[in-house]
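S.K.: Quick one: structure below, then a few questions.
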Amino acid sequence: MSLLNPVLLPPKVKAYLSQGERFIKWDDETTVASPVILRVDPKGYYLYWTYQSKEMEFLDITSIRDTRFGKFAKMPKSQKLRDVFNMDFPDNSFLLKTLTVVSGPDMVDLTFHNFVSYKENVGKAWAEDVLALVKHPLTANASRSTFLDKILVKLKMQLNSEGKIPVKNFFQMFPADRKRVEAALSACHLPKGKNDAINPEDFPEPVYKSFLMSLCPRPEIDEIFTSYHAKAKPYMTKEHLTKFINQKQRDSRLNSLLFPPARPDQVQGLIDKYEPSGINAQRGQLSPEGMVWFLCGPENSVLAQDKLLLHHDMTQPLNHYFINSSHNTYLTAGQFSGLSSAEMYRQVLLSGCRCVELDCWKGKPPDEEPIITHGFTMTTDIFFKEAIEAIAESAFKTSPYPIILSFENHVDSPRQQAKMAEYCRTIFGDMLLTEPLEKFPLKPGVPLPSPEDLRGKILIKNKKNQFSGPTSSSKDTGGEAEGSSPPSAPAGEGTVWAGEEGTELEEEEVEEEEEEESGNLDEEEIKKMQSDEGTAGLEVTAYEEMSSLVNYIQPTKFVSFEFSAQKNRSYVISSFTELKAYDLLSKASVQFVDYNKRQMSRIYPKGTRMDSSNYMPQMFWNAGCQMVALNFQTMDLPMQQNMAVFEFNGQSGYLLKHEFMRRPDKQFNPFSVDRIDVVVATTLSITVISGQFLSERSVRTYVEVELFGLPGDPKRRYRTKLSPSTNSINPVWKEEPFVFEKILMPELASLRVAVMEEGNKFLGHRIIPINALNSGYHHLCLHSESNMPLTMPALFIFLEMKDYIPGAWADLTVALANPIKFFSAHDTKSVKLKEAMGGLPEKPFPLASPVASQVNGALAPTSNGSPAARAGAREEAMKEAAEPRTASLEELRELKGVVKLQRRHEKELRELERRGARRWEELLQRGAAQLAELGPPGVGGVGACKLGPGKGSRKKRSLPREESAGAAPGEGPEGVDGRVRELKDRLELELLRQGEEQYECVLKRKEQHVAEQISKMMELAREKQAAELKALKETSENDTKEMKKKLETKRLERIQGMTKVTTDKMAQERLKREINNSHIQEVVQVIKQMTENLERHQEKLEEKQAACLEQIREMEKQFQKEALAEYEARMKGLEAEVKESVRACLRTCFPSEAKDKPERACECPPELCEQDPLIAKADAQESRL
């Protein structure tokens, strides 16, 4: 048990660090070099240096971010300092003596402390050992007693010239309430004047603890103490303390055999350690003050300390881990303006990040050095080489596991890309992975190597060429011009990408998919996508040198989940903006999770986040996305959660996903609101009791408690009331616990506890994964916004975690856990109920004969626990409800939403048909007007035909003539006939084109309508089906409750009847036990049967629901088929319809010709003789032609 045996021990400070070493501290700004003695205090809390004037400067170990030596340390720039250190002499050994300590409150605001030792290689030893203290898990996650001890150590180190502790230092250390500090000093019989001083010998640790108890009394702990100590005695025995530890400080879910409860002899060691009175300790007694320090000790850490260490299996494929990832790593401020810095790569990697981004752009002449910057913005540039050197220096200081360099490559120069590749090879050396591992070839179906396989390696993520043909850009200076496209490989000379055959075909498929997808987007959507993606969509082609460095992380454009599953290439990765990823997650969450089981995805902020703000990473962790990249320079809530979560597992930057999110045979829906298979949900209860030293001012404060997890988790945020007074030293909140009833997947959830000042000013917070929390009373030491531990502020809380149990099963669980206690309580309730109701109605006890035989000493078993009784309970439970039914297809089609949509669609189609008919009529009218202008054969000028009276006729007559429409004066009948035929042909062609366009438009609109209607029906069907499943479960729960009530009534009746049969108390107790045991068996059987019934009904209902959904899909196919058949039929009859319309038009325009010249010799074939003579003649001429 960790309470008795802490997993982690405090860091040990090497003797030479505490003894000190002589250095020269220099500063480039002041050009001052001063001799100092550099030391670390024996407990490893502070790095400090003393000047010759005895002046002392402190650096909290928790504020140190890095230590550097040799060529990576800072170098003096001023000539004055360079002369002091003889740096310009050829045999100078300056690099062997350098030491730089980097500190700061966050990754951007940094201070560099520069030292030079008198001896060689001293700086290296100091850099390594000080950094080891900084990276120790307990440095940032120490117990409350450790942080309080830090205050004492600092007070005793900050002495005046007389070697005493100035009282003013107490006022500076505890500034919230000066009067309370003075009163606490007086209570310890110490001077309290501002100009007074205290002898360090008069202020040992016991006096310091008494001072703290006076300054910050703990009445809330006294209340806990009085509830467990011996009555009327001011101490707690070791037996009482053992009971307290086992009941309150121990996780009730632990197995008693694997994790045995504490014993009194083990607890004695805790009393010896924390009880201030030696006499009490010898007697095995703990005082209230000892209880306070016990609850502040490392044994009561709120964290499960083993979770801080590397405890995950690191031999799984790379895509089975969440990977700490950064976006636009080089930026120190916003995305549009601000400084870029290579130092950010160091700081991000030191924080445990394992994926950094490099936006590479072409360098300018004459040097043509590639640069890193945010393209098309006002951010500054840094050299690519400088960034690579920073990465090489800090790559594996925090974690030995692989680093991924995510290149956004805009360098369109083969020469500069070759230079980039050369820098990577020479600076990274053996750290760079240039070839795939033998066990993990780049083939479909082969998983990625594990973090352990890639330990100490750097992987490149950059576009990879489809073919790697021979290039000479890096060798031939007179070769290819910059900005030109890469040379295409001659047929038969190129090598297929990643050793796969048919890749060219696959790439063509991808391109076709992309073209098809982009073809469906309008201009505004394309612009929006480009603004969301930023410059990521403008990457250039990779040339051979850079392409050859890419292996296991090959980026490609995402097509679809089905396409990725078909290709099954684990080494292919796709990047998504947060908006695109959210869209995919909301539409196909299960497929997204399955995709991440097979290969990797990277999510990055949308391009419109110009202030470098972040999105919440939790939603994408829920989908199993590995690289959820954030802006590390912005310490907002998403970044705070990211830093807190990746602090665990040895700060390795890799967190193994839950088994359910890795197994291909399991499906996981992150939006599930029900139980997740093989995962036990957790109920978390947190009581915020009090706070200590929350602010440097006297203010009112409140606490927020928030849960990050799956969308289906319970209420996410609670808040206490404001503290009753402006007391920030020890406020107490007397409120009910905050309960998160059903945390579906505890491994994915985190708890945030934040303290805010009145006016919503942030004071401190802590974010801890649910599975890293310990149950019991704990002091929660707060952290800053940048996740740095705060020395003073803390909260005292009570945490209780247990397995989630549905309300319907709560009584049964209690009964099974402790049946005697449960039924005793029920008997007490029954007696009280009987007294209140005036006694239960008397009923004959049905089992009198067996009971009598038992009283007389017979051994025949009673029927209470007989199989017959249990069978009766089963039969009662077997009374199945009516066959579960689901909404039919007809009912779904009659739903209001579907009917309303159908009416809208019908209206749209009617309007479309009207527009088509109007266009058709306009064409006929225009054709008729042109024909009318020709007039009868042999007559020129205006025609004799009127198509309609009034405005319509005027409008038609005012239509513009075509040059060929009118007959020339004196033109003969043959000329007019030729022009009639020409106009007729043109009109037919226009009508055919109009008809085809109209029918195609109608078809597309019908297909769209079908898709919308089916989508609506599917949506409503799923809503209905979810409601049906919920109703089925509720009905089952109600039936179970009713059955339990009936069985409870039967149990009470049996007990009542038994008391009338016998007065022998021993026999009554025995029979009562048997009745209770029988009752428990019956309840178990009933619940088991009811559960089976529910599962059976649920299975039947789901089958029916699935069949209904399949009917909807079939209906979609049928509708599409009908629409297509109608389209084909109308297209088939279009030509005849056009000819008929044109003939009707000709008849209308030349009625006189049809009447006056029927006797004229017909030149047409016999089959056309019955037609209008003029039309027949025109048709005949057309057929001859």
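Placement of Cβ uses the backbone N, Cα and C atoms for every residue, glycine included.
From Swiss-Prot, for reference:
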type     : residues : note
ACT_SITE : H327     : active site
ACT_SITE : H374     : active site
REGION   : 460-533  : region 'Disordered'
COMPBIAS : 465-476  : compositional bias 'Polar residues'
DOMAIN   : 546-662  : domain 'PI-PLC Y-box'
DOMAIN   : 662-790  : domain 'C2'
REGION   : 859-888  : region 'Disordered'
REGION   : 943-979  : region 'Disordered'
COILED   : 988-1147 : coiled coil
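Would you situate these features in the structure and describe their surroundings?
M.R.: H327 (active site) has a Cβ environment of 25 other Cβ atoms inside 10 Å. Under DSSP, H327 (active site) is assigned to coil, being neither helix nor strand in the three-state scheme.
In the predicted model, the domain 'C2' (662-790) has a mean pLDDT of 92.
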S.K.: Roughly how many Å lie between the Cα atoms of H374 (active site) and H327 (active site), rounded to a whole value?
M.R.: 11
S.K.: Tell me the coarse DSSP state (helix, strand, coil) of H374 (active site).
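M.R.: In the DSSP reduction, H374 (active site) maps to coil.
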S.K.: Taking the Cβ of H374 (active site) as the centre, how many other Cβ atoms fall within a 10 Å radius?
M.R.: 23
S.K.: Which residue counts does DSSP yield for the domain 'PI-PLC Y-box' (546-662) in the helix, strand and coil classes, in that order?
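M.R.: In the domain 'PI-PLC Y-box' (546-662), the DSSP-based counts are 45 helix, 20 strand, 52 coil.
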